[in-house]
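Asks: Per Swiss-Prot, the features are:
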BINDING   8, 9, 10, 11, 12, 13, 14, 15  ATP binding site
């Protein structure tokens, strides 16, 4: 079912709007998934100070969105979504999945957002340098762009246009897929070989380590600095299913850095089994 994107300055009310949307949709019997930085438990100041970490975060959010998109549920992406190129990537994703979407721009002034930021708990605040940088880098949505449309721009004192949002996501046809979203972009035999090999090694390591592990343990796997966080014992069939999902996703969104495949798969496993 549909994807709802939130965008806006840091501390512009996106999470409050997401919760308001969730409550409204659940009252009508819809199942809603909210995905965002807070769900992944990231350190915002560390991530947004490092372009590589920020890129990894966007990839993790996109992967989490793709896992939840189906024919029944509504997915809300509660994040900055401040880069128009990233919003375009998500638009391509919904075209591939064949589901509608909309964008909600939470409008505040930098001064108001800065004040709201300062009133947050210390561990949830952006430091001022990061905050100012994100405000400066924000790329405003434009409803003339198909990836930013339909667009709902909501000021801080305005009510969400809930009826119009529901009409946009439930009574509008999904954008048709085009050749670029249907094509498999991979042609590198070496990449495919490494993808298959690395993911199989991780699965084998997890199955082996589980024999002497208990829920709550962390498992080291070959080729990864990330560790698998084990909330419960995972069956071979579940691991095989998650491995196949990861391979399918990575074929559509290839990463040139083969050395990071193991870490990416471990992150995918952790997000899937804890989600």
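Heads up, the Cβ atoms here are built off N, Cα and C, so glycines get one too.
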Asks: In three-state terms from DSSP, label residue 8 (ATP binding site) for me.
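Replies: Assignment for residue 8 (ATP binding site) reads strand.
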Asks: Drop a 10 Å sphere on every Cβ of the binding-site residues 8, 10, 13 and tell me which sphere holds the fewest other Cβ atoms.
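Replies: 13, out of the binding-site residues 8, 10, 13, has the fewest neighbouring Cβ atoms within 10 Å.
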Asks: Out of 12, 15, which has the highest number of nearby Cβ atoms, where nearby means within 10 Å of its Cβ, if these are the binding-site residues?
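Replies: Sorting the candidates by Cβ neighbours within 10 Å, the top entry is 12.
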Asks: Provide the three-state secondary structure of residue 13 (ATP binding site) computed with DSSP.
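Replies: SS state of residue 13 (ATP binding site) = coil.
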Asks: Give the sequence-ordered set of same-chain residues, not counting 8, 9, 10, 11, 12, 13, 14, 15, with Cβ within 8 Å of the centre of the Cβ atoms defining the ATP site.
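Replies: Going along the sequence, the neighbours come out as 80, 106, 108, 113, 116.
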Asks: Return the residues near residue 9 (ATP binding site), defined as same-chain residues 6+ apart in sequence whose C-beta is under 8 angstroms from its C-beta, sorted by sequence, else 'none'.
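Replies: Once residues fewer than 6 apart are set aside, residue 9 (ATP binding site) is near 106, 108, 110, 113, 134, 135, 138.
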Asks: For residue 14 (ATP binding site), what is the tally of other C-beta atoms lying within 10 angstroms of its C-beta?
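Replies: Residue 14 (ATP binding site) is surrounded by 25 other Cβ atoms within 10 Å.
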